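See below for the structure under consideration.
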Amino acid sequence: MSATMDTQIFSRYFNNCPVITIPGRLHEVQRYYLEDILKLSQYRTAKMAQVEKELKNKLKSGNSYWSQLEGQKLEDAGNSSKSSDVKEDKENAIEPSLQADMDEFLDECFNEGTLDSFTQILYMYISEGVPVSCGHSRTRRTGLMAAASRGLTETIAQMLQIGADPSAKDKDGKSAYDYAIENNHAECAKILASFNLSEETKDNAEDDSAAENFLLDVYHHTFSEELIDHDLMLALIKHIHVNLAKGSILVFLPGYDDIVTLRDLIQSCADMNVMKYQIFTLHSNMQTLDQKKVFNPLPNARKIIISTNIAETSITIDDVVYVVDSCKVKEKYYESNGGVCSLQCVWTSRACCQQRAGRAGRTKPGHCFHMCSKRRFNTLPLNSVPEILRVPLQELCLHTKLLATGNTPIADFLSKALEPPSFLAVRNAVSLLKTIGALTPMEDLTEIGQHLLDLTVEPKLGKMLLYACVMKCLDPILTIVCSLANKEPFQISMNPENRKKGSLARKEFAADSYSDHMALLRAFQAWQTARANGTERAFCAKNLICGATMEMIVGYRSQLLAQLRALCLVKARGSGDIKDVNLNSEKWHVVKAVLVSGLYPSIARVDRDSASLRTSKEVKVAFHPSSTLHMGGGLSGSQKSVHNLPTDWVVFEEISRAGRFCFIRCNTLITPLTVALFGGPLRLPIGALTQRANPPGLSSDSDSEADENNASPDTAVITLDDWMAFTADASDAISVFYLRQKLCALVIRRMSNPAKPMTPLDEQILSTVVHIMGSEEKNVGLNQPSGIGQRPKPLTVDSPNWRSRLENNEQYGHDNKQYYPQYNQNQNDGGFPGGQFYNNAYGGFRNGQGRPGGWRNDVPQPFSPQSYSGPKSPMSPNGKTLLANIEKYGEGGEGNVRYFVAKADDTHCVELAQTTGTYPFTQATAKKLQKAKQEGSRVIVFFSCASAFKFVGCASLLDTNGTLDWLSTQHVPYHMVRHIGNSLAGGARVCAARDGCEVCGGAARALLAAHHRRRQHHHPRAIQKHATDM
């Protein structure tokens, strides 16, 4: 655990459990702040000199500087109180609905003061765009006042960090400071007082001298502390380089632009050449070929390392003695209402500053220079905002269904988290999961939701994989999904020429496809070719591509393919095998349709009138500069990019905000027909198709929801949601609507029973959809690229880990066994992280609706662990005889034998069943077993435990009441039977079988033989005696 981790919050969460602290061995680090840096570096600018002269003249006139400031403030306040109030009201004006929510949350904060209520307030400030100074509509009390009245120092620090005004007053004239004093919260009052500029506050500052305060305020009059002062950083680095002892300098900056700016300033500074130095830059998206040199000592030169927060905890450079900390960081925030991500440069936390300072004390005493005043430092939050409060929650909400018991709502379950997310964020995430078809209106898992849980990608990417199996274009989608799930393979160059070269390379990969996803696919295919030819390094250097990221994509492809095989979506042979699910991989319009199905509602429409793009939440967006659809050249270039698009619809992967501008990343141009067939929720009501009898004047190729009012008598409208509607000739619209309904029914059937082959009718529906989408692409003038479905090439990798991975790599050929990645017995069921383990490791057994449900209420409870003792009961003589007969004759015994798999939560559940003679099957499995028994078959059940990676016994079902006769109690690890395939499940491995899955006779006999071998290994005498008796 990190030394700066807030251990008390964990202790309180676990009922004030004790904490054991083991101190580390670090050297002393002397810390300096902005006032110290100004004095040490003797930094002065012409503007600072002018301001300093004016302030000194005021001091000579007989009035102190601070009194002048206060007098000016009071005079300004007195002369313009009314106008200021009006201006403030305008600045803080928000939508009535948001104001009503704020009033409710503020009342709750003042009356109850729970952490949940303050979490809601912070969420409204950070993610919903509510001004931080927005107060109650009646009392004008702010969130800062509420936090001060409750003594919440961390919350006060967070609010001050995002711009809360401590001088704001309510209707009674009380400020946040007054509320803190009134409620005896001295620490809160101290933090709030540090923001005041009164003479009394300045005189009481123990660590600040009057001269330093004066110099500090001169500086703040000329430069905003919200910005990065690169010139001051240069002066400080020059002072360290020229005057202080040897040792590397580590500079922390928030982003790439700041790194480039400071690097150029250092290189252009002649005073730095008095001693040798070498600059290194560290950034997660920069090329890593030369970054390894940062760890090598330079005996005759000083290293200057300019880095983002990647050097905060991820790496340690031993010879760093000096740290220059900008005290800023770029963090990603997600606005759940608008679905917009914003990368904001904010003040970092004191814990992070402590981590950064610790980089200087690894091998000897060091120095850390914080580029903020001590007053500002004391107001920084103690810890950073947790990710659960600022990132999308769809994946977390989906997995919550496996953890929550019974019918517990997702929001209620997450409210018990260590730092719970906002109710609004959870509600919006659940709403999106319902939209994509993962949850029912009652928050139960659907067939698609069940499969998404078994895929180790976020839900929207998982849905793309599921649709790719149905649409038979798996390979290109698999590559695109893995590229989106990993970090960007295209890197940033420090050289402007190389940056331009990298942008051109990306556009060459995209060709004329109007697609960033095509660029990702082509780049991976080209890298594979270069890897096979031994020119990988030259290829990556030329096109600014990260080879390590490409290797991660290769490994991730194998992992996801294994998961799809475990779900029976990709079979070993016959219908649904690897060749079958790639029949349409060469058809780019099919691949784009799958992108739409997964990325919805991330769809933008072209507004031809304003030459811009709009989404369901944002009126005006533009292509991100890194997009291949962006033509450059500022505003005119952005408008030109939109004007040249041949269609009016774009699907994108992410929307981000930079200031007042919104940009969409990873874009692909699509046709209206593709959106009509694959966009919107999975199930459309019959009322989504309406025929209009309006005056004529609407062309049949319109695709805007605004065109509904202009529909002609011969037209009909397909409404997908509140924002998207398509108008066409009545006959065409009806045909498209019912074709969409049939396609959705096909998807649901495939998800409900993936092992069942597609019927001729299903194939006809699929063929029709593919054909009409291809025709539409030709009509709008979009080209059909070739080679997009090329098969992955076998790779040769030197690393032992990659050599073993190569053995499991995708190999196309007649022997489909080569296509299976080998299952690792140390992993969970399915041979991949997050597979069947999540289905069964929490919340008990699944009930009939597919939800985690615990023990069924209609089944007698087994004995508790305390109700029995002694060894497990041995199997009955009848069970031994039956097992021997089945092993010998296959179908021996009385009548036909049918075999099933039951998934157990853990081995203890089965041990109880072996003692009691009954097992609490899930409702769905119990029905299958009872039906087979009623049909006169002998039923044998294999018990599989995914959390222990093994089969834990097999038993014969004696009657419809669930009475069992145990044939074997031996444990058979998955790795011993991983070669056994189940023909009734499309050849999928039996160790990956789901609860209630029926097993073919051949696979069952192989399993029984494995149990027999294990029993013979552990009890050779008993087996020998049993064989003699026969």
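Using the three backbone atoms N, Cα and C, a Cβ is placed for every residue, glycine included.
According to TrEMBL, the feature region 'Disordered' maps to residues 693-712, out of the candidate ranges 73-92, 693-712. When TrEMBL is compared with the stretches 362-383, 780-801, the one noted as region 'Disordered' is 780-801. Helix, strand and coil residue tallies for the domain 'YTH' (897-1030), in that order: 63 helix, 39 strand, 32 coil [DSSP]. Mean pLDDT for the domain 'Helicase C-terminal' (236-404) in this predicted model: 84.
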